[in-house]
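Record features, source TrEMBL:
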type	residues	note
TRANSMEM	A:12-31	transmembrane segment
TRANSMEM	A:43-69	transmembrane segment
TRANSMEM	A:76-94	transmembrane segment
TRANSMEM	A:100-123	transmembrane segment
TRANSMEM	A:135-153	transmembrane segment
TRANSMEM	A:190-210	transmembrane segment
TRANSMEM	A:238-261	transmembrane segment
TRANSMEM	A:273-300	transmembrane segment
TRANSMEM	A:307-327	transmembrane segment
Amino acid sequence: MSRFVERYPGRALAILIAVAAALWLIFATWPPGLEEAFGRKKVFLSAVFNGVTLGGLYFLVASGFTLIFGLMRNVNLTHGSLYLFGGYIGYAVSVATGSWLLSFLCAFIVVALIGAAMQILVFRRIEGQELRQTMVTIGLSIVFADLMLWAFGGNFYQIQTPAALVGPIELPFVTAVKSSGEAVYLQYPMVRLVILLAAVVIGIAMWVALNRTRIGMIVRAGVDDRDILAAMGVRIQLVFVLVFALGAGLAGMAGVVGATFQSLSPGEDLRFLLASLVVVIIGGMGSIPGAALGALIVGLAEQLGSVYIPTYAIVVTFLIMVLVLAVRPQGLLAGR
Amino acid sequence: MSIAQDARLQPGKSAERPATAAPTRDFGHPAVWAVAVLLVIMPLIANGFFLIEIFGTSLILGIVALSLMFLAGYGGMVSLMQLTIAGLAGYMTAVLGASGNANISLGWPWWLATPMAIALATLFGTIGGTLAVRTEGIYTIMITLAIASAFYYFTNQNWAIFNGHTGINSVVTPHFLGIDWRADIAFYYVILAVAALCFGAVSYLARAPFGLALQGVRDNPRRMATLGFNVNAHRIAAYAFASCIAALGGVLQVWNYRQISPGSVGVERAIDILIIAVVGGTSRPIGAFVGALIFVLLRTFTLDFLVAIGLDGNRFRLLIGLGFLAIVLFSPDGIVGLWERLRGWSGQGKAQAGGERHG
């Protein structure tokens, strides 16, 4: 942190000013002139919250993607299919049992098993051939997409939000002040906040597991140099299978989240694959903090973009990606 | 430092793969001439449906796939945005030229709109390529895939130029010299001429100093940089050339269907192009056309075939996906590579590669 400030005082200052401006926009009561130019504060605040919660969902999807990429150099383009399949599994379980939490668990386990099977049966055989592995994942994603279309049809599915989490919650953010001097607070759907919280908890848990445990140490060593790690006697193939299973399982779980606050249909797999791609390109491939930062940026850009410049929302995301590629091709927080 | 220096490169230096020397050897083979003659007299044999829906469409898809084959086979860059470039050329043909959407189309004559569309698409592809060459290998796939999807979503959302998800309909096709160039037979010859031109250009360039240097860059960028070649300039130039080919294919595509919508530039379509190129084989230009013909035949007849043997007719993509997987796993050189290996086993001592389908 301090090293970054020393090396790039200009950039650090710009980031500081941007953060301060964002905080002011979120917490201050907007003066009338700003409201006229920019629209109501309520609209802005809900766009920010939608962006952050969407970023949480993107983080869940992209963290698995970046984990698999970081360790195995495998651009797993079936990641979107795994997301969608997890969502379908979660839907089936929640319809059958009525339990939201159980649907998470089932989606995680089933999709993690599929991931492990893919690693053992397919990717292990063509290890080290990155381009070919990627091609294989493209083929698999086509097959998966068609199988899912076959099994679930083209309908929209949505998982029922559990009763305890339905309804809005009042947040301590002032959106406006009434003429009587009474402050109006932001109302926000509870379930989205819970999901955001879950994403943050999972993110922190992953960070702790990677940085403070023995297994995490092995995985990090594998990211840096897997050949040396294997030479030191670590059963690297087992680590690969476990990491692939974990990454896939996270995608499956994200599918349940996505099915709860959005919906599932054919085509969502591509949408989330694209989102993961952009998130990891922005954040830096193979980096978990990078995935978090990238997900936040993409989520905010999409939501703020769709509120303030609706026609060009997708272009904003894309322009950010181009900008990052132009300035820092390895991504914002890439290790190397 | 620049492309001008390429002439120094000794031919054969990069001939680690048989790809480099093959194309010219083909021209001497009788089977090649037979296929060429067959393609020219095709209108006498095939009816309108086969002529345009099968052969015409195959050639068009083959042209777009050829641009990917050039990048992947000679440049080692797998770009998923070739269909996007073709789509942009198609959109620009519709927007600059005349169409049923009078509020959008500018109504320029075709001889002005078409070169302009190709130029714009080439520019777009070159800019995209400039971004993509900042990264390598699998990263290129990710970035070009992101570009392709961004373009798809953009066309869906933008109404001012791309007319949103309805797209642009009733695109006017060229009429001059008293001929309707979209009539089946005339259009077939237009497609055939463009395909032959692109095929010839790629075959020639593969053996020209630029193409040889590009293959050197593919095999060992560091060594080429040490020899004084500007690696990135070669890659970007390759993108520019491939974009131009893809743009030609895109113009033909929009003339073929007379309409264009976001569906025609979707991510699945972009991946179809990759499938075509990989299934055909990216080691030789002909692979793109072989792959396109197989793809179009499968797409057209799978439904009837699957129903005939008592299966669900809608599983076309499943079949394509499985076929693609099989090719990627078992024959990295695609059908063309498979064919060459078969020839190698059966007819040892016969003339080497060559003589497969020409389109």
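Along the chain as shown, residues are numbered 1 onward.
The backbone N, Cα and C atoms fix where each Cβ goes, glycine too.
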Counting Cβ pairs closer than 8 Å, which of A:43-69, A:238-261, A:273-300 has the most of them with the transmembrane segment (A:190-210)?
A:43-69
Report, as numbers and ranges, every residue of the chain located at least six residues beyond the transmembrane segment (A:135-153) whose Cβ falls under 8 Å of a Cβ in that stretch; write 'none' if there are none.
74-78, 80-81, 84-85, 88, 118, 122-123, 126, 266, 269, 273
Against the transmembrane segment (A:76-94), which of these stretches has the most C-beta pairs under 8 Å: A:100-123, A:238-261, A:273-300, A:307-327?
A:238-261
Under 8 angstroms for C-beta pairs, at least 3 of them, ignoring pairs fewer than 6 apart in sequence. Is the transmembrane segment (A:238-261) in contact with the transmembrane segment (A:307-327) by that rule?
no
Tertiary contacts of the transmembrane segment (A:307-327) (same chain, 6+ residues out, Cβ under 8 Å):
39, 43-44, 47, 278, 281-282, 297-298, 301
Other than its close neighbours in sequence, what residues sit by the transmembrane segment (A:100-123), given a CB gap under 8 Å and a spacing of at least six beyond its ends?
72, 74, 78, 82, 85-87, 89-91, 93-94, 133, 136, 140, 159-162, 240-242, 244-253, 255-256, 260
State the residues, same chain only, that lie 6 or more residues beyond the ends of the transmembrane segment (A:273-300) and have a CB under 8 A from a CB inside it; answer 'none' if no residue qualifies.
48, 50-59, 61-63, 65-67, 69-71, 77, 79-81, 83, 141, 203, 206-207, 210, 223, 317-318, 320-321, 324-325, 330-335
